[in-house]
Amino acid sequence: MEVRVIEGEFKGEGVKIGVVVARFNDLLTNELLSGALDCFERHSVEEVDVVKVPGSFEIPLVAKKLAESGKYDAVLALGAVVRGETKHFDLVANEVAKGVAKVSLDSGVPVIFGVITVEDELQGFNRAGVKSNKGFEYAMAALEMANLMKKLREKE
């Protein structure tokens, strides 16, 4: 029996990334974006386009537009949803997650869900801060998936 393992790599050469970032909760989303851009720079990504949207709920529509453009190897969706005293948190978080997954499946382009859902801003800063920046981690996933999809296309 022959077993082949196909994995993506963390190489940025020849990779083009589209980033959709929400402005709402920008103290957190700016940190996520900073972490992602740091990752892309360290891995020599050639082209990154950043598109800002009002809030996390608007991310799926713009992610769809970027994915369908044919210009990007992966799309990274960054946002922050902070729990309040209403059910709005759950509605937004669930719909954004579903929307991002649908865009990825429908377009065939990896769309990475980089929307943090937190109880309060302190928890958000712990996830988007200097000690641990989820933006960097989500960017790594975008790189890995972009390269994996390229490899899978070569196998067809």
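Positions of Cβ are set from backbone N, Cα and C atoms, glycine also.
Taken from Swiss-Prot, the feature active site, proton donor applies to H88, supported by sequence analysis. Taken from Swiss-Prot, the feature 5-amino-6-(D-ribitylamino)uracil binding site applies to F24, S56, F57, E58, A80, V81, V82, F113, supported by sequence analysis. Under the heading (2S)-2-hydroxy-3-oxobutyl phosphate binding site, Swiss-Prot lists E85, T86, R127.
In the three-state DSSP scheme, S56 (5-amino-6-(D-ribitylamino)uracil binding site) is classed as helix.
Reported as a whole number, the C-alpha separation between E58 (5-amino-6-(D-ribitylamino)uracil binding site) and H88 (active site, proton donor) equals 14 Å. The Cβ of V82 (5-amino-6-(D-ribitylamino)uracil binding site) lies under 8 Å from the Cβ of N25, L28, F89, V118, E119, D120, E121, G124, each of these being in the same chain and 6 or more residues away along the sequence. When secondary structure is read from DSSP and collapsed to three states, V81 (5-amino-6-(D-ribitylamino)uracil binding site) falls in the strand class.
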